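Report on the structure given below.
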Amino acid sequence: MVSHGEYVAVCDILDWHKRLLSNARKENKRLNDTLRRERRDRANAISKAVAAARVISVKEKGVVPHPVRALIRDWSIVCNVPSKKLFPAIRIFCHTFGLTLRGTFSHGLVGLCITEGGLGSRLQVAVAVKDAVGITLSSDGTTHRGQNFNAHHITCKSADGAVRTYNAGVKRVPSKTAEVAFGTWQSLTEDMWELLKTAIPGSAEQMTAAIFLSAVCGTTGDHAADQRKLNRLIMLWKQSVDRLQRGRDAIGELPTLEYALLVSEVQITRMEAIGGSAAWEALSEEARQAHIREGLDEVAIRMGWERFNDLDPQTQASVDFFYHFGCEMHKELNTVVAGNKALQEFWAKTGYTAPMKLVNQDNSVAAASGSAALKQRAERVSQSGGAKVASMLGSLFRHKNPNKGYQRQFNSWMSIEVYGSQPDERYRTIEFPDVGRARFQMTCAAAGFTLLHLGLIRRFLELMRDVKDTPGFNHFEANVYAALHDAPTLTEFACLALYALAVTVPYVAQVRRPGINALDLAPMHEKIRFHCGMLARRPQLLTEGDPNSSHVDAAFDGEPYRDVAVVHAIHRLHQDQQLPHLNEAFSAFLRGAEAGWDHFTPEFKDGSVLATASAKDLARSHAQPTNDRAEGALGGKKRYAQHKAHATDSTVESALSYNENGTGEFMARQSKETLDNLRPLARQVEKANRRNPAALGEVAHLEEKAAENVENARVRTQRANEARAALEQRLAEHEPRRIMTSDQITAKLTVKILDAEVEWHRHRGLPADHPAKISTIKKRLKTKPQKIAALKRALDALNGVQGPEENQEDGEVEPQEEQLDEMDVDDFFEEDS
């Protein structure tokens with residue numbers, strides 16, 4: 001039997017277990033309920049997150065966030081979406097991928113975002129410049145619709161040897177002078193430091209013009225005089241800032257007493273300069289301090305030069321290390337011009353039949369009038385040669401104006417003639433080289449193209465002659481057609497084509513390789529001069545050697561010719577006796593090109609900056625071998641303005657620099673604080689641009705230039721009137737004692753008396769159209785016998801001893817001569833005959 005106590009104990013234990021089980025079930029239920037709630041909440045959260053992820057808010061608390069601003073910039077600049085179509089494009093994009101776009105933005109925000117991108121690009125350049133150990137500046141200019149633009153690029157070399165070139169802006173400037181370009185560089189660098197200080201506080205506290213210019217090693221550009229002058233101005237700027245900083249450091253090291261005495265002396269000097277103590281006391285405190293600072297800077301420059309002169313010569317050369325490097329593409333182009341000029345001289349020196357004169361229509365009519373003098377003058381002022389004919393062919397077959405020329409018919413006809421009417425995998429549109437745009441190597445390429453397809457080009461011209469309602473050539477076409485049958489002209493074509501295939505094409509391929517430092521190209525230029533000289537001595541390597549193997553010795557790089565078919569075509573013409581004197585002419589061309597290479601590579605000559613520079617200075621310097629970036633930026637400015645005609649100059653500049661520098665990635669790495677600092681600056685820039693400062697500068701320059709020209713004209717007129725009055729007085733004084741007959745003109749007369757007589761006959765005596773009238777051009781009578789002979793003829797005619805026809809010696813006339821300057825690049829690529 002179980003006692004009552006035991007029974008109660010068992011019951012208690014049972015109740016306790018029941019409670020445990022009940023509590024466990026309740027806890028299990030609670031946990032299950034919690035798990036269900038968590039799963040439900042998680043599912044709801046995921047649903048909400050997915051729904052939220054499909055919603056893009058244009059604004060957050062009324063402000064467009066930075067990621068959206070970056071999207072607007074990239075779509076507008078990189079993807080070239082028009083500003084007015086930008087929001088619809090983004091909305092269509094979101095709808096395509098099931099996204100909801102919430103909010104909108106204005107058309108004006110697009111321009112503001114582009115301006116922020118421009119500021120970001122300038123900030124990117126400033127950061128790169130601050131960390132660079134070597135800097136090279138490059139620029140180029142152009143004129144578009146009467147407005148001048150300069151493109152600026154900065155090549156930075158960092159301490160780890162990395163090199164990168166940045167677009168520093170395409171600026172609209174009032175004129176193309178070197179002084180204006182120099183001022184633009186100064187303002188550009190000052191703006192960079194101000195932007196760096198504002199956008200990234202504390203990052204540019206120690207950055208000064210002296211530190212920046214100490215890293216600037218030189219400039220690159222073309223070979224124009226204004227670029228060389230700009231180089232000199234920047235070099236002088238660098239030197240003056242360096243001396244000023246050295247002097248300021250010296251003044252800062254002075255003891256307190258000596259510094260106080262110096263300031264006192266400067267104050268006394270400036271006080272005397274402005275008129276004494278009374279004038280000094282009349283100035284404000286700010287004006288006095290400005291005078292003292294100017295005086296201290298004058299002392300600093302003097303002390304800076306003293307410190308600089310105390311340095312050893314090697315250190316001085318390193319401090320003032322500064323070079324100018326000319327674009328390799330311009331070197332190549334100018335050597336072609338030099339070779340072509342030597343080729344023109346070759347015909348005159350040898351007496352061989354020269355290329356036919358390309359007489360234009362007006363001169364042709366004058367020459368046909370029967371006058372030998374007019375015919376002679378027409379030939380003298382007319383151009384000739386392969387380069388000119390190549391330019392004329394370009395006007396016919398690749399005119400820059402698509403509404404002119406035969407380019408479309410020519411392309412179609414040539415393609416069918418070469419490849420047949422049934423296109424295959426070899427088919428491509430055949431176009432004449434783009435000579436009209438003065439691209440490098442295009443004239444040589446046009447010469448090779450013409451010789452390769454000479455028969456087809458002749459047939460095409462005949463086709464266009466006969467297809468007219470009234471068959472026949474116009475004067476321009478007749479000149480071209482005749483030149484294509486002129487053997488000396490074809491010889492010049494061959495010289496141009498062979499020079500390009502053997503020399504310039506391989507040369508350009510080498511200098512345009514990635515990572516090339518122009519400062520290391522001295523051996524290459526020495527080699528190319530030697531190569532031109534070698535080919536000049538052995539032109540048969542190209543003109544007679546096997547085109548499939550002659551490249552080993554004849555090509556500058558030893559590689560196969562770029563277009564061996566052109567060489568084969570030249571050989572066939574040469575064998576058919578259609579290229580007279582080819583070897584001699586090509587040799588003359590090469591000698592001219594060799595001289596051109598020597599003239600246009602002054603950077604590497606003995607005694608030049610680069611030749612005498614230390615290895616340390618050369619190691620921290622890097623120059624781009626070509627000026628392609630600057631010219632490309634100018635071309636990009638023109639294209640951008642054509643597509644977005646209403647864009648301001650500032651917007652165009654911002655878009656170009658942002659795109660070229662890859663500023664989007666740079667801005668993505670910047671802090672929110674930096675990007676926030678750019679916003680108010682962008683609004684300030686937009687506000688300033690409404691006043692159109694570039695236009696204000698242009699107008700001010702035009703008014704200043706007009707006033708200067710008016711004053712110069714007044715001075716010239718005044719001087720002319722004074723000279724005319726003095727001349728009249730001399731003539732009046734000489735009138736009573738002038739010589740009356742030719743018998744009195746003898747060699748015993750002094751030159752002074754003869755000059756007085758000649759002057760009287762120039763402005764008095766015979767009518768201006770009389771053959772015996774003494775010319776007003778003084779250089780025609782240089783010697784005493786010439787003056788005596790001219791005076792005798794004039795006096796005999798004046799006294800009626802001889803008639804006008806007897807005075808005319810052998811019917812000789814002196815037509816007004818139209819002087820032709822030496823061929824330069826513009827003449828070389830001229831379009832019209």
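Glycine is treated like the rest: Cβ placed from N, Cα and C.
TrEMBL labels come from automatic prediction, so no person has curated them.
Here TrEMBL flags 14-48 (among others) as coiled coil. Restricting the average to the coiled coil (14-48) gives a pLDDT of 86.
Annotation source TrEMBL lists region 'Disordered' at 618-652 (among others).
Feature annotation from TrEMBL assigns compositional bias 'Basic residues' to 636-645.
The coiled coil annotation in TrEMBL covers 685-730 (among others).
Taken from TrEMBL, the feature region 'Disordered' applies to 796-833 (among others).
The compositional bias 'Acidic residues' annotation in TrEMBL covers 806-833.
Below 8 angstroms of C-beta separation, residues 80, 82-83, 111, 114-115, 118, 133-134, 136, 138-142, 144, 149, 151-153, 155, 157, 163, 165, 167, 170, 172, 217-218, 220-222, 321, 323, 325, 327-330, 511-512, 516-519, 521, 610, 660, 685, 689, 694 of the same chain, each at least six residues beyond the ends of the region 'Disordered' (618-652), sit close to that stretch. Applying DSSP to the compositional bias 'Basic residues' (636-645) sorts its residues as follows: 8 helix, 0 strand, 2 coil.
Away from its own ends, the coiled coil (14-48) comes close to no residue of its chain (no Cβ-Cβ distance under 8 Å at least six residues beyond either end). Secondary structure of the region 'Disordered' (618-652), assigned with DSSP and counted as helix (H, G, I), strand (E, B) and coil, comes to 22 helix, 0 strand, 13 coil.
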